[in-house]
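Chemist: Sharing a structure here in structure tokens format.
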């Protein structure tokens, strides 16, 4: 039947194929289900429903093709045998290939625009694939169109997830994770510390001493067990000796009255004689075990004594080595301190001093520029008004204010009146009355220099002697001590020579080294 169909397909004309481009040949319909099954096995899961639908569509013409072909063949053979030509009115105006397809099938391909079923690969013509038509709507449980929507939703960032990250529960879970991690680290910290201490012991040679300690502990247990064994063996030896002595006494008693023996006495003598032989062997074995136990105990005690002496010797050697290392470490620490002091004293301090001086000079320069600008503006305004004494009044006021401030400080600190007069005279003598208004900045600088010179030349007054009988003196002394203690932590600037700084730094380094060495030596001796 397949050969007949193939022969019939070869008779198709090119005009018939051009008129029916969407209709495949019958042989392709017969081969198509096999290829569809093969492609169903190798296709993805999401195309299985589509392939099944195409297979069902492809099988629909076959269900109508075979019966009609059989009926047509039978009618043709009957008409040829009876030589009855068909009526002209009943003859169809279309060809056999067009007649074998049902109207419903043509309506299915034409109206619904079903996707064209592709032929097998070996029969597929090399043409550009047409655009995919719109698929027929499927039931709700077989809709594959929802899968891309889910994928799009998965790919796009969800604002709900962003909001969930800021919820208290999410933050609490993160905090719990950090707490678990911290607890895990704390749990393993003890092991890490033990490993670090073991490495330090290996480097310093203390691991051998630890091994000696463990050996001494084992030997002590062995000596204790040996002593217990000697004690039990000696007790057993004494028991066997006492049993043999009692049996020998009874034998001696029986031998003393040998003439009056009865049969029972004879049996008793025989039993005692046999028992004496057994007791003699037991005494010999007990004596041997006692000697062996005493020998083992003495050996264990000797090993214990030698191990203790060896441990003491090794600890002395180790302590001497650690002491030497600590000495060299102390000297190294002192060298580092001295090096740091030299670096800070000759490298950092000059740089800091230059920086402070530069900043101070800049500020002084700015202050002088401002004062000069102010003096010039004052002179200009005085010239415009008609009085040229504005700048002189300003400079005199500045000098008077400085003198008054110096007097107040002298009164507070308890300076004598001659010192104040000397400072005032120095300032007043060094500050001349200027006649012109063109150099106010220079005059202010000279006045400041005169004030610095006067402050350096202030005589120091000796404090009055302390009165031990007056309570007020004690109160003043306590207040002064409290003020001095507070002043130690104040930000007051003081001037000191480099020699004093060097001495203080060296004293601090030496004191720290001595204290560290003493603490380390005390710890080593205690261990």
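Backbone N, Cα and C atoms are what each Cβ position is placed from, and that goes for glycine too.
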Chemist: Could you check which of 328-348, 349-369, 370-390, 391-411 is flagged in Swiss-Prot as transmembrane segment?
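Modeler: Among 328-348, 349-369, 370-390, 391-411, the range Swiss-Prot annotates as transmembrane segment is 328-348.
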Chemist: Near the transmembrane segment (503-523), which same-chain residues lie under 8 Å Cβ to Cβ, leaving out any that are not at least 6 residues past its ends?
Modeler: 323, 326-327, 330-331, 333-334, 337-338, 341, 345
Chemist: Give the nonlocal contacts of the transmembrane segment (328-348) in its own chain as ranges (CB under 8 Å, at least six residues past its ends).
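Modeler: Sequence-remote neighbours of the transmembrane segment (328-348) are 498, 501-502, 505-506, 509-510, 512-513, 516-517.
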